[in-house]
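Here is the structure we will look at.
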Amino acid sequence: MNPLVIKLGGVLLESDDAMKRLFEALVDYQKFYKRHVSVIHGGGRLIDNLMNKLSLPVKKKNGLRITPSEHINIITGALAGTANKTLLAWALKYNINAIGLCLADGGSVDVERLDENLGHVGKAIPGSPLFLKKLFKEGTIPIISSIGITKDGLLMNVNADLAATALATTLQANLILLSDISSILDGKGQRITEIDSIQAEKLIMQGIITNGMIVKVRAALEAARVLRRPVDIASWQNTEKLKLLFNGVNIGTRVYV
């Protein structure tokens, strides 16, 4: 079975209940299945809250956070520090053998500057799977923040959905984009069980898919195209359904090319 990359987002990183459900599902899943799992995360809300406390502006362009040089150390501390180690602490609480990493560790995901106008915002490029495969053999779950480092040593903030796509490509893994959003919704607020690129772009043009969800959907479409397999967008809210999701059952929206 292909490895599984689980991207975490939304309120999950700030909710003890969400963490509990996620790690209970992971523990139960690993009792019955020997699939290699890697977790990757952002932390947008955590960063927003921190920036507000520091009275620093939060600006985004096309769903991507503008990250000037004076902000990158703060964002790195929030993502590679607080968010990553909080997830690691939960894993250890549930006796899961895990390690906290960033995209650059082991050359797993390479990063280039995406756009000078966005500042320290990186483009994620698939890297080498060797380090992560070694961890898998040792029974370790990598928990990876979406902070990357360029070849010339610059820290970069990478959109976590796009980072997850690059990581899944590196590992030739199945990808789940997990958040508080249970699925893509149509114009009537109903769940869309399956969607392809034509349908997705139509909903974007109609203003039904907006803001950060545009980035998420396009990241899923790109991942589906590169990986040549569908990508799931789903919610963490039901532990039993999570276990089904980890085993390939569609509980949210399945994205096809």
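Glycine is treated like the rest: Cβ placed from N, Cα and C.
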Out of Asn157, Asn174, Asn211, Swiss-Prot lists as part of the substrate site with Gly43, Gly44, Arg65 the residue Asn157
Give the distance between the Cα atoms of Arg65 (substrate binding site) and Lys216 (site 'Transition state stabilizer'), rounded to the nearest whole Å.
14
Cα distance (Å, whole number) from Lys7 (site 'Transition state stabilizer') to Asn157 (substrate binding site)
16
Using the centroid of the Cβ atoms of Gly43, Gly44, Arg65, Asn157 as reference, list every other same-chain residue with Cβ within 8 Å of it (recorded substrate site), in sequence order.
Gly42, Ile47, Thr67, Ile75, Ala78, Leu79, Ser146, Asn159, Ala160
Give the distance between the Cα atoms of Asp180 (ATP binding site) and Lys7 (site 'Transition state stabilizer'), rounded to the nearest whole Å.
12
Distance, Thr210 (ATP binding site) to Lys216 (site 'Transition state stabilizer') (CA atoms, angstrom)
10
